[in-house]
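One structure below.
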Amino acid sequence: MSGDNSSSLTPGFFILNGVPGLEATHIWISLPFCFMYIIAVVGNCGLICLISHEEALHRPMYYFLALLSFTDVTLCTTMVPNMLCIFWFNLKEIDFNACLAQMFFVHMLTGMESGVLMLMALDRYVAICYPLRYATILTNPVIAKAGLATFLRNVMLIIPFTLLTKRLPYCRGNFIPHTYCDHMSVAKVSCGNFKVNAIYGLMVALLIGVFDICCISVSYTMILQAVMSLSSADARHKAFSTCTSHMCSIVITYVAAFFTFFTHRFVGHNIPNHIHIIVANLYLLLPPTMNPIVYGVKTKQIQEGVIKFLLGDKVSFTYDK
């Protein structure tokens with residue numbers, strides 16, 4: 001087997017084949033992915049710079065947005081440059097340990113994105129249900145601790161992915177029909193029993209997804225009750241409009257995630273493998289691409305921040321929570 005050493009069934013490297021069955025069209029497939037990646041990097045880095053530069057945006061909501069942007073740009077950067085090397089230069093080899101590292105960061109950052117969306121829902125809950133205590137509840141230390149706790153949660157849950165994958169013997173070859181090192185795609189290359197990998201992967205996906213979605217659902221239930229109790233229609237519209245960008249991000253992220261998750265596990269045999277691979281890439285690229293667009297279009301404070309950033313002190317705005 002290519003990549004074997006004499007004393008172990010662990011390969012020295014894997015071969016990422018890209019999109020199986022569509023090798024002849026790799027160049028054309030790469031174009032929309034490259035375009036989306038550029039938008040994601042420019043948009044999210046722009047948001048981070050804007051929030052760090054504009055003192056008026058130094059509020060909990062925008063700190064969480066900056067954390068989401070950092071997570072998004074890091075997530076797509078872990079897989080898109082390598083994918084483009086496969087598509088453009090036919091550089092398909094990836095070192096075994098590099099593959100495990102990519103696997104860890106892809107899954108950890110995916111969980112991190114879900115966790116940050118959950119924190120943003122809690123932020124909106126505090127802002128709308130406890131507006132007078134908003135600044136005293138969500139202080140900078142609290143925000144930092146919440147972000148750190150979310151990060152550590154995902155690190156601790158995803159580390160076993162690499163350990164479980166590393167223990168498997170690889171005697172069937174080292175060719176992976178994918179554009180990046182996904183946990184189960186790598187495990188299925190092995191000639192060992194990867195049932196533990198499958199069970200643990202399902203458990204982690206459900207644990208992170210169910211917990212975060214429950215927190216988001218409870219937060220928005222309380223928000224809806226608080227908004228509906230307001231006497232003024234204008235006040236209800238103003239309060240709920242602060243949540244629209246976040247709700248759009250939730251829909252984009254979780255619809256893509258659940259589509260990938262359920263089609264892969266329950267109707268996978270009825271869907272061609274190349275469709276799975278393309279959807280898996282879109283699942284990782286679509287939220288980072290769309291989030292800065294959604295927040296730029298839907299959030300008045302971001303629009304005003306961009307204008308002020310470009311024009312300097314010539315204009316001034318009043319920012320709400």
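Residue numbering: from 1, along the chain as shown.
For all residues, glycine too, the Cβ spot is worked out from N, Cα and C.
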Per the topological domain annotation in Swiss-Prot, are ALA135 and LYS298 located on the same side of the membrane?
yes
Are there residues of the same chain, six or more positions away from CYS191 (disulfide bond), whose CB falls under 8 angstroms from its CB, and which are they?
LEU9, PRO169, TYR170, CYS171, ARG172
By Cβ distance under 8 Å, which residues at least 6 away from the ends of the topological domain 'Cytoplasmic' (220-239) in the same chain are close to it?
121, 124-125, 128-129, 247, 320
Sort out for me which stretch, of 28-48, 57-77, 102-122, 142-162, 240-260, has the most Cβ pairs below 8 angstroms to the transmembrane segment (199-219).
102-122
Taking contact to mean three or more C-beta pairs under 8 angstroms, with sequence separation of 6 or more, is the transmembrane segment (102-122) in contact with the transmembrane segment (28-48)?
no
Cβ contacts of CYS99 (disulfide bond) (under 8 Å, same chain, 6 or more positions away):
PHE13, PHE14, CYS181, VAL186
Does the transmembrane segment (240-260) come near the transmembrane segment (142-162), with 3+ Cβ pairs under 8 Å (pairs 6 or more apart)?
no
Among the recorded stretches 28-48, 57-77, 142-162, which has the greatest number of Cβ pairs closer than 8 Å to the transmembrane segment (277-297)?
28-48
